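Student: So TrEMBL says this about it:
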- 9-186: domain 'GTP cyclohydrolase I' (DOMAIN)
- CYS78, HIS81, CYS150: Zn(2+) binding site (BINDING)
Amino acid sequence: MTEVDLSKIEKAVSMILEAVGEDPEREGLLDTPKRVAKMYAEVFEGLNKDPRQYFETVFHENHDEVVLVKDIPFHSMCEHHLVPFFGHAHIAYIPRNGVVAGLSKLARAVETTAKRPQLQERITSTVANAMMDMLNPIGVYVIIEAEHMCMTMRGIKKPGAKTVTTVARGIYEHDDVKRAEILSLLK
Ligand SMILES: [Zn+2]
């Protein structure tokens, strides 16, 4: 894994502060570049990590109906504006031959995928694809609802507006009844 270059971030943040007309030497801002660098290292720690790692260990359970984990909270950073977007992911899948993932691993996959400059659409498909690759389930349906700070605090300024993205794989791609089942479980 590549190390995050903290001092480079510090220099860049200091330059941004200068460029907007601030004085990076004033008391309140003195440690800001350091703090931002540490924060970026944390919020981007999913870079170069592959969410498929969480599905390397599987369990065999006599269960061939839907598994739904809903309301998985996440925070990410919009790659277009480098401001947060955050919300909840809901992941449904139907195991094949009883091959199931650890439930907490679904949340870990979302978290890792979210912790890099991202697009909501890409988080949704990355998680779905990782599960298809590793678990070979009958189907996966991932739904993400999020609020984007780039829509809330700038531009069109629409606080509370939610963006919903869905990715259906396997049986969910063409089975309306199966998708409707998930949507009703989410209500
Ligand atoms: Zn944005």
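Using the three backbone atoms N, Cα and C, a Cβ is placed for every residue, glycine included.
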Student: As a test of reading the model: what is the averaged pLDDT for the domain 'GTP cyclohydrolase I' (9-186)?
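Tutor: A mean pLDDT of 96 is what the model gives the domain 'GTP cyclohydrolase I' (9-186).
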Student: Could you tell me which of these binding-site residues, CYS78, CYS150, has the greatest number of Cβ atoms within 10 Å of its own Cβ?
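Tutor: Of the binding-site residues CYS78, CYS150, the highest Cβ count within 10 Å belongs to CYS78.
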Student: Counting every protein chain present, what is the number of Cβ atoms, excluding its own, within 10 Å of the Cβ of HIS81 (Zn(2+) binding site)?
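Tutor: So the Cβ neighbour count for HIS81 (Zn(2+) binding site) comes to 16.
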